[in-house]
Structures are given as C-alpha cells and as structure tokens.
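Colleague: Heads up, here are the entries from TrEMBL:
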- Glu308: active site (ACT_SITE)
- Asp392: active site, proton donor (ACT_SITE)
- His307, His311, Glu388: Zn(2+) binding site (BINDING)
- 38-217: domain 'CAAX prenyl protease 1 N-terminal' (DOMAIN)
- 220-445: domain 'Peptidase M48' (DOMAIN)
- 12-30: transmembrane segment (TRANSMEM)
- 68-95: transmembrane segment (TRANSMEM)
- 115-139: transmembrane segment (TRANSMEM)
- 160-184: transmembrane segment (TRANSMEM)
- 190-211: transmembrane segment (TRANSMEM)
- 317-337: transmembrane segment (TRANSMEM)
- 357-375: transmembrane segment (TRANSMEM)
Amino acid sequence: MSAHFWNDAEIILYIIIAVLVVDNLWAVYLQIREIIAVHEVDQVPPVISPYLPQDLFNKMRTYKIHKCWFTVINTLLIVVFSGILELFFGFYPWLWDVATKCSLAKWMEHEACVSIFFVLLLSLYITLKACPGMLYEKLFIKALQERKHPPWLRRICREIIDTILAVIFMSLTVVSLVFMVLWLKEYTAVGLYVQSLLLTLLLILLVPFLIDPFVGKRVPLENANLRSDLEHLTDIVDFPMRQVHIIRVNDPNTPSNAFFYGSCCLKRIVIFDTLLLNRGHKDLSTLSPEEVGKGLRDSQVVAVVAHELGHWVHGHFYKAIFMFQFHMILMMCLFHVLFTHGPIYEAVGFEAGLQPIVVGFLIVFGFVLTPYLTMSNFCMLSATRHFEYQADSFAWEMGFSKDLRQALLKLYADNLAFPISDPCYSSWNHTHPTMLDRLNRLEKLQQRLDSNGT
Ligand SMILES: [Zn+2]
C-alpha cells in the first residue's frame, strides 16, 4: 500500500467520511442560523404589515421553525449518521452483491441489468429509511400549513403513477449511462459534456415553443395605455416590443411572474397574465372572486419589465450559460480523474478491480465531488443573486424605483410567503434575494441619490 493518500483506500475512506460530515454540519449550521433569525423576529416587519396579518405571520413562523428543526434532525440522523455507517461497513458492495444475485437468467448478468436492480434496491432502501421522517412531516409539519389536500384516492393514484414513471426514467438513465461508459471508455467525460451541451442547446431552442402549449397561450395586450408605456420603455433600450409576450396561463393558480429568456432572435420577455391587474381583463365577470383585484397596476408592470430588460442589457442569459458551461467542464475534468481511480472503489469496500459503473457515478457525484459541488453551487447562487440586484439597479436607473418597490410589495401581498431569512442561509440556498433585501437595496439606492441631490 502506497503511503501517498491518493492510492491509499483507507485514507480515502476517512476523507470521504470527513467530507460528508463537514458538508452536512455546515448545512446544519446554516439551518440553525435560520432558526435563530426567525426566532428573533416575532412581529411582522412594518413594511409588509398592511398585507400580512400578525396571526398568519405567527402560523408561518411556527411552521418555519418546526420545519428547520426537522431538517436538522433528519440531516444528522439520516444523512450523517447512517451515511457514515453505510460507508464504513461496506453497504454499497453488499448491495451490489445482492443486485448481482437478482439476475435469474444469463442475459440478466449484463452490467446494465445488474445496475437497474442495484438502483431499484437502493431507491427502496432510501425510501424505507426516509419513511419515519416523511410520516412525521406529513402528520405534524404539513398539518401546520392548513392547505387543501386532494382526496386520498387521488393522492394514492398520483403516487403510484409518479413511482412507475420514476422507475421507467431511472432505468432508462441507468442503461444509457452504462452503455455510454462501455462504449466511450476513457472518453466518457467528453461524452457526458457533449450530451449536456446538446441538452442545453435543445432547451434554449425548445423552451419558446413549449411555453405556448404547456403553460398557456399568447394573447394580445388589451390595455392600450400599458402597451404604449411598454413600447416607450423598450424603444429606449432598443428591445423589440414584438418580443414582449403576454401569456394567458392555463392554471390560474400559477404564481404571477415575468421573466427574460433567450438570445438573438429567440429572446423574449414573458409576462404571465396573472401579473396584470385582473389578469388584464376589462370585463371582470369572467374572473373568479379571488382573482379580482390581484395583479399589478400599469406603472408597476412597466417597472417589472424594466427589471427584466435589466437582465437583457447586462447579458445575464449569456453569463449564466457561460457560467454553467464552465462549471460543467470543470466538473467533467474532475469526474474524468476520479471515475476510473480504483482506490476510491476499494475505499467504500469493493474488491480491487471491481468498479461497477453505476456505483462509480454514485460515489463520485454523491460523495467525492461534494466539496466542489457545494462551492460551485454557492458561486452560481451568488451570481444569480447579483444578477437580480443588477436588474433592480437598472430599473432604478430608468426611474422605476418607487414603482418597483410597490410592485414587489403587491406581488408579495398576492403570493404571501414567510418573509424572514438569515442572510448567510439565504446566500447558500436561494437563487433570489429575499423581497425585504430587495426593498432595502432599492431604498438605499434612492437614499444615496437623494443625499447626493441635496
Ligand atoms: Zn430578475
């Protein structure tokens, strides 16, 4: 056995366990910070008090604290404690052995087939392990939320259909991965990267054509005043007005939303009709009572579109694509080095020379790459949060600070959510800054301008 840790299975096992423990203790630390932050605020923040009654805030706060504690206990017991035992006592080689014994015919001994058995058994094990937690969550935590649940029979049918679809999807993925590695051998990482690149390109090309049938259908903007305001705004930054799409969403419960998407001739700003006051209807008789009065006034919609134009002006779509590709290339380079490295398999208990493909993916992406994945996730979240602030600043520069603040508050009132989050927890978990953070930032920008002006 070499003294060098890279070839020492025992040292690699301890490193993998240390990574598992440190990564999850960090997640637990963030959860505890979140609990403290939520605990400290027992009154609705004044800025949102007109929209969020104190008793609803109290209920949301209790739910949030309960849910955070549940996540802490679940992480420590199910992820850390059982994770250490599984790694230390060779659970994965044992399960692979069981999967091999499931092969009842000669053709089932092919690695692709054994891999499907392995993944099915592993999923069963994970589900059984998560059962007590899931039951507790359903019975005690979800009950705090007072949401309407569909009838039991429909829920059971839905669960069965979801499970069947998941098994089919998982089996196809496992088979395609196994054959890809068998065919491409040392070029697997290149193959995986090319596959992800093609998928990204396909999504960029297809999403504009998928919105219409699946989310809703494009409708003309009935409101002439709003239309001329938007034309004026898009003219200033030279964005084609024909690429501002109003979508009449199929599901009226779709959260009010607007987003910028795409590049070149496929670029567009999509506005769900739920964002518009009374869904953009002049005739209110077509709306359900709870839809009346929801949505933004014209000036607020223009402010939201100014924010979306900020994403376009600052090239956030290109930056996000570049960032993701950079992440994929780096990840595939690391994968290439680790995937074929025998001592990693020996570290979790496999005999020398036995390197099942599907277990390789599990160990590399599930354990060994954790430090890289955690850090890259943090960097990407920081970037997307920075993009949001930058787009807000753009709307502010265009003179929409007040309207954007009102729009954020109105959207908040329409889609009430718990408003408090610890800044550190938020920066490691959320793609967007919280609504209160965005309001504060806009306020500061305005104050700076006011103090410079006086
Ligand atoms: Zn945005």
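Note that Cβ sites are derived from N, Cα and C of the backbone, with glycine treated the same way.
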Colleague: Provide the number of Cβ atoms within 10 Å of the Cβ of the residue listed as 'active site, proton donor', excluding the reference atom itself.
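Modeller: Within a 10 Å radius of the Cβ of the residue listed as 'active site, proton donor' lie 25 other Cβ atoms.
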Colleague: Compare the C-alpha of Asp392 (active site, proton donor) with the C-alpha of each of the recorded positions His307, Glu308, His311, and give the closest one.
Modeller: His307
Colleague: In the same chain, which residue numbers or ranges, 6 or more beyond the ends of the transmembrane segment (190-211), come under 8 angstroms Cβ to Cβ?
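Modeller: Tertiary neighbours of the transmembrane segment (190-211) are 180, 184, 245, 247, 261-263, 266, 268, 270, 321, 324-325, 328-329, 332, 335.
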Colleague: Within a 10 Å radius of its Cβ, which of these recorded positions (Glu308, Glu388) has the fewest neighbouring Cβ atoms?
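Modeller: Result for the recorded positions Glu308, Glu388: minimum number of other Cβ atoms within 10 Å at Glu388.
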Colleague: How long is the line from the C-alpha of Glu388 (Zn(2+) binding site) to the C-alpha of the residue listed as 'active site', rounded to the nearest angstrom?
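Modeller: The separation of the Cα atoms works out to 9 Å.
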Colleague: When you average the Cβ positions of His307, His311, Glu388 for the Zn(2+) site, which other residues in that chain have a Cβ within 8 Å of that mean position?
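Modeller: For the Zn(2+) site the neighbour list reads Phe260, Glu308, Gly310, His316, Phe387, Gln390, Ala391, Asp392, Phe394, Ala395.
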Colleague: If I take every residue in the domain 'CAAX prenyl protease 1 N-terminal' (38-217) and average their pLDDT values, what number comes out?
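Modeller: Per the prediction, mean pLDDT sits at 88 for the domain 'CAAX prenyl protease 1 N-terminal' (38-217).
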Colleague: Which number gives the other C-beta atoms within 10 angstroms of the C-beta of His311 (Zn(2+) binding site), all protein chains shown included?
Modeller: 21
Colleague: Below 8 Å Cβ to Cβ and six or more residues apart, same chain only. Which residues does that give for His307 (Zn(2+) binding site)?
Modeller: Ala391, Asp392, Phe394, Ala395, Phe400, Leu404
